[in-house]
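Below: one structure, written as structure tokens.
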Amino acid sequence: MDSRCYGFFFALFSLTVVALAYDPDTLQDLCVADHTSGIKVNGFTCKPESNITASDFFFAGIGKPAVVNNTVGSAVTGANVEKIAGLNTLGVSLARIDYAPGGLNPPHTHPRATEVIFVLEGELDVGFITTANKLFAKTVKKGEVFVFPRGLIHYQKNNDKAKPASVISAFNSQLPGTQSIAATLFTATPAIPDHVLTTAFQIGTKEIEKIKSKFAPKKV
């Protein structure tokens with residue numbers, strides 16, 4: 001086989017790898033999620049087209065501020081495929097985040113999506129950290145936009161101690177997923193062994209248990 005043949009097959013192989021590196025385009029106009037199906041697929045199975053209605057593409061849940069009643073001072077209202085069945089296979093979703101005065105959306109990641117926020121009200125200190133451990137941080141105000149790259153740890157903090165704030169978030173995934181760093185480490189089930197956490201954070205077992213107690217469900 002001469003060099004031209006090797007070159008042809010290498011080019012063909014390269015194109016195949018590139019083609020397989022991205023999600024395929026949808027193969028039909030609609031694939032509205034059937035949330036009642038017990039079949040497990042990468043996403044959701046499709047409803048029969050005869051059962052699809054306009055309501056499958058509608059959600060009114062992010063038009064008003066959410067009630068913020070937690071210790072970190074923020075509330076996230078998702079508008080993803082779990083709320084809007086018609087988003088299935090479309091690769092987009094939204095969320096609204098509301099912040100109490102001084103409220104924080106704690107450091108977290110979205111493993112399946114890049115996030116873009118648009119500030120509806122207030123002023124926020126925001127930032128993300130790269131895998132090289134570099135922080136990119138900025139203060140954003142009403143009408144401004146900030147981007148958090150896919151999978152990187154990021155946060156938002158309302159820096160006004162007197163007024164609430166809110167943003168709309170857009171994602172390039174129908175279900176971006178969220179892992180809050182502190183909650184993931186200290187509330188995992190089964191629990192991460194204390195010796196792992198004490199070594200990672202260079203603190204004692206008592207400190208670990210004290211942190212875990214902060215995340216424990218409140219007794220009524």
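Backbone N, Cα and C define each Cβ position, glycine as well.
Disulfide connectivity taken from TrEMBL links CYS46 to one of CYS5, CYS31, namely CYS31. Across the residues of the domain 'Cupin type-1' (58-209), the predicted structure has a mean pLDDT of 96.
Rounded to the nearest whole angstrom, the C-alpha distance between HIS110 (oxalate binding site) and HIS154 (Mn(2+) binding site) is 9.
Comparing Cα positions, HIS108 (Mn(2+) binding site) lies closest to GLU115 out of the recorded positions CYS31, CYS46, GLU115. Relative to ASN105 (oxalate binding site), the recorded positions with Cα atoms inside 10 Å are HIS154, the candidates having been CYS31, CYS46, HIS154. On a Cα basis, CYS46 (disulfide bond) lies 26 Å away from GLU115 (oxalate binding site). Other residues of the chain with a Cβ within 8 Å of the Cβ centroid of ASN105, HIS110, GLU115, the oxalate site, are ALA95, HIS108, THR109, ILE117, PHE148, HIS154, GLN156, SER169, PHE171, PRO176, THR178.
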